[in-house]
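Noted in TrEMBL for the protein shown:
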- Lys40: N6-(pyridoxal phosphate)lysine (MOD_RES)
- Lys40: active site, proton acceptor (ACT_SITE)
- Arg134, Met310: substrate binding site (BINDING)
- 242-367: domain 'Alanine racemase C-terminal' (DOMAIN)
- Tyr263: active site, proton acceptor (ACT_SITE)
Amino acid sequence: MVTGWHRPTWIEIDRAAIRENIKNEQKQLPENVALWAVVKANAYGHGIIEVAKTAKEAGAKGFCVAILDEALALREAGFQDDFILVLGATKKEDANLAAKNQIALTVFREDWLDDLVLEAPLRIHLKVDSGMGRLGIRSTEEAGRIETKIARNKELELEGIYTHFATADQLETSYFEQQLANFTAILTSLATRPAIVHTANSAASLLQPQIGFDAIRFGISMYGLTPSPEIKTSLPFELKPALALYTEMVHVKELAPGDSVSYGATYTATEREWVATLPIGYADGLIRHYSGFHVLVDGQLAPIIGRVCMDQTIIKLPHEFQTGSKVTIIGVDHGNTITADDAAEYLDTINYEVTCLLTERIPRKYIH
Ligand SMILES: *Cc1c(COP(=O)(O)O)cnc(C)c1O
């Protein structure tokens, strides 16, 4: 994708916030539990390579990604010896590519292991479906057969076993506890306990630090965001959001009563009012549902009026502004804040989606 370096719309990533979130989380963890930085999906929109560097500086002991290509991107960027685990499904045809690059893969089907001819050792993490219903084995019998198959192939090492919780971000814990019990039953049925047992995402690691096992997969909260609004006030430390989204007014004008703006002419001025056009739109991830939400100008709320276009958006100003004035879409401006949580609430989605949606057309600038 082409990045808009010559357009005044940018994302600022505060590396210090990422380091602080990691350090605060490490203080909660028993010393022998490793923190892995989850950097899938371009690090939840924050930029995979720079986030990986920052996380490593702060003490992350490895990385989790969703797809093999993300793991290869880390290797290419110079993360030569770091632990990398692919959490999603990888095609059997690509097993050798992973093996040659020392990338650990998730396995959750017996047949994936049949007729696997490897040219290099491959580390495997067995995924258990303890209740998420997504990927994973579901019985002790399957676990036993997979353990046997892995033992028969001298290039395969069962390095890890893990599961993923469906409700760790809820205060009610009965489903979580059932999942933990299901997972433990499969874990203890194995002839040999793999070296790395891991279960916790951000929510579980923050609320249930005792179930860290050997490693945690720390994603959303590394970026300073709460795993859910419900647990925001139960978190053990204050999270520092790392991402801010800014743009500048490229055109400012005064509307007369009856003047309309944008496609469909859905907004019409009822009095004389100042408006500004912003060089950001749904192709950048500022989706059309942002229409009616607001941004910050000089610390004041300015509503998004009319329909958000592909590359441009129009806001209503409290008074005349100079062309080139800064606009905060997510972030802090003169003591007022718009968070990814605020945007998520308005859009009826989750903060994860708000940052993941921000496309690579917006340049990322790294501070601190
Ligand atoms: C994305 C993901 C995580 C990270 O979850 P957060 O809620 O962002 O901490 C952990 N484990 C798996 C399997 C995932 O897919």
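Glycine is no exception: its Cβ is also placed from the backbone N, Cα and C atoms.
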Pairwise Cα distance for Arg134 (substrate binding site)/Tyr263 (active site, proton acceptor) [Å, integer]: 40
Candidate with the highest Cβ count within 10 Å, taken from the recorded positions Lys40, Arg134: Lys40
For Lys40 (N6-(pyridoxal phosphate)lysine): DSSP state (helix, strand, coil): helix
Residue distribution over DSSP helix, strand and coil in the domain 'Alanine racemase C-terminal' (242-367): 23 helix, 50 strand, 53 coil
Whole-number Å value for how far Lys40 (N6-(pyridoxal phosphate)lysine) lies from Met310 (substrate binding site) (Cα to Cα): 26
